[in-house]
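S.K.: Copied straight from TrEMBL:
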- A:28-50: transmembrane segment (TRANSMEM)
- A:79-107: transmembrane segment (TRANSMEM)
- A:83-299: domain 'ABC transmembrane type-1' (DOMAIN)
- A:119-144: transmembrane segment (TRANSMEM)
- A:164-184: transmembrane segment (TRANSMEM)
- A:220-243: transmembrane segment (TRANSMEM)
- A:280-302: transmembrane segment (TRANSMEM)
Ligand SMILES: Nc1ncnc2c1ncn2[C@@H]1O[C@H](COP(=O)(O)OP(=O)(O)O)[C@@H](O)[C@H]1O
Ligand SMILES: [Mg+2]
């Protein structure tokens with residue numbers, strides 16, 4: 001009798017020991033996974049930086065960033081056209097996409113009901129899941145002729161249809177559903193008490209949305225827009241298909257151009273054999289990574305501030 | 001003697017979602033003006049539903065059907081040209097969960113005033129904000145940090161802020177849904193004291209899960225059970241001499257020593273009263 005309680009007690013103890021061991025191991029494992037992400041990022045940045053050094057030892061940073069001559073065959077590495085092209089595409093896309101995304105999200109989260117709501121939001125989700133190369137293909141058939149034959153002439157431009165504006169339009173179509181989905185989620189996550197409190201003092205639905213809900217969901221909507229921004233900024237396939245690669249500074253939003261990612265894909269195969277070109281393209285990659293990182297970091301700070309200011 | 005602020009006529013509410021729920025099954029009630037009426041009953045009996053249907057707040061959910069009517073000073077709340085926001089200004093609502101709007105303390109109170117264009121100047125607005133913060137005994141605690149987010153206050157303070165926000169638009173009736181249930185005992189007491197002060201001036205309809213709170217605060221008590229109105233009476237008679245078996249069970253199930261005697265008494269003669277349902 002006594003012996004059996006002893007075994008039971010020691011069994012209990014060893015079981016506890018095993019559980020505590022698992023506990024400790026799992027926390028190490030999770031910690032390891034976290035540090036691995038940091039290490040990976042550092043590794044990527046360092047690898048890119050190391051491979052960029054040949055270019056940076058030949059030319060100064062100011063030279064490559066401010067020069068608008070891109071001609072790797074002649075050892076001319078000016079990134080300005082691609083930088084301007086990237087800024088154009090990103091800004092135009094966000095200007096077209098963000099207001100529509102926010103309005104559509106408000107409609108779906110606050111106005112649409114029943115079957116309409118299910119239908120609309122499921123289509124938005126499908127659109128968000130379509131690979132962007134498909135949008136690029138459809139755009140080649142539809143948007144390019146439309147811009148080339150109607151829109152550009154109407155605005156007094158002789159553009160052929162491919163170019164910065166077309167890319168922006170298509171990218172807006174690509175990222176808007178994605179931003180809508182995320183923005184709807186943050187609106188729907190708001191507690192009903194917020195709506196009841198505001199309506200309960202006699203506010204209208206629109207006042208409630210504008211003053212209360214958009215603030216309360218503000219940090220979430222901000223993140224949605226930011227993730228959209230990240231996707232546009234790093235977009236490769238749609239710009240590569242539609243921007244009509246040319247290496248001069250773009251003269252108008254309808255003109256053809258380059259973005260930083262298209263620079264890499266266009267010249268990747270043929271020119272990588274020239275050492276300095278390879279270094280230049282890797283430097284483009286470095287710029288992309290650093291800018292995205294800086295952007296995310298400052299966005300995190302801004303988001304924190306918003307969350308503090310608009311907490312509920 | 002007392003006039004009636006709000007009347008419900010055979011009010012029935014059904015949720016028609018996945019599962020059909022008859023939350024209210026035809027309730028006719030009169031809420032006296034300038035008194036505090038407590039609505040009590042076990043959870044899920046339709047207290048919140050009744051409260052929200054009084055100022056049509058249930059309408060923000062899909063799949064709700066309502067029949068019957070609510071009269072505010074003899075005028076229908078449902079069959080009227082009066083826009084709903086105007087109605088909700090007259091019948092204010094404070095939810096169960098302390099909910100600051102994502103605005104500063106000052107802006108929380110000024111919210112309704114600004115929307116309804118009640119104040120012509122900044123000075124007047126300042127003055128009103130101060131008045132209502134004083135009315136809920138919050139002014140001294142927040143006067144130095146009016147620009148801080150409302151959400152930075154403690155939950156008890158937030159609940160008083162919510163009261164101030166509702167009172168600022170001068171409602172005729174104030175609906176409060178278990179406003180102390182999410183609070184710690186001390187904050188609950190402060191909010192309760194505030195309500196006790198306010199009931200002199202306002203018609204307050206308050207849902208509560210606490211019998212003791214109803215006893216302390218209410219002038220009238222309404223008892224709901226599974227969507228039916230079981231009994232309504234002035235607070236003293238309600239607790240000392242409940243008329244229905246259900247009420248007796250509910251009251252004795254929850255009350256402490258003080259009422260044991262009287263409830264046993266009425267428990268005894270309840271056996272002669274045929275059970276209603
Ligand atoms: N939005 C809703 N959809 C479906 N059923 C609901 C909804 N809100 C409440 N109910 C149901 O209606 C009944 C009454 O709910 P409620 O009025 O919240 O009760 P109480 O406030 O007394 O706890 C409950 O059975 C509840 O499950
Ligand atoms: Mg309730």
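The backbone N, Cα and C atoms fix where each Cβ goes, and this holds for glycine too.
Unlike curated records, TrEMBL annotations are generated automatically.
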S.K.: Given a Cβ distance threshold of under 8 angstroms, which distant residues of the chain, six or more beyond its ends, lie next to the transmembrane segment (A:164-184)?
M.R.: 85, 88-89, 92-93, 96-98, 100-102, 104-105, 108-109, 121, 124-125, 127-128, 132, 135-136, 139, 143-144, 147, 151-152, 217, 220-221, 223-225, 227-228, 231-232, 235, 238-239, 242-243, 250, 253-257, 259
S.K.: Taking A:28-50, A:119-144, A:280-302 as candidates, which has the most Cβ pairs under 8 Å with the transmembrane segment (A:220-243)?
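M.R.: Result: A:119-144.
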S.K.: The transmembrane segment (A:28-50): which same-chain residues, six or more beyond its ends, come within Cβ distance under 8 Å?
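M.R.: Counting only partners 6 or more residues beyond its ends, the transmembrane segment (A:28-50) has Cβ contacts under 8 Å with 282-283, 285-286, 289-290, 293.
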S.K.: Please give the sequence-distant neighbours of the transmembrane segment (A:280-302): residues at least 6 beyond its ends with Cβ less than 8 Å from one of its Cβ atoms.
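M.R.: Sequence-remote neighbours of the transmembrane segment (A:280-302) are 41, 44-45, 48-49, 51-52, 55-56, 64, 72, 77, 79, 82, 222-223, 226, 229-230, 233-234, 260-261, 263-264, 267-268, 271-272.
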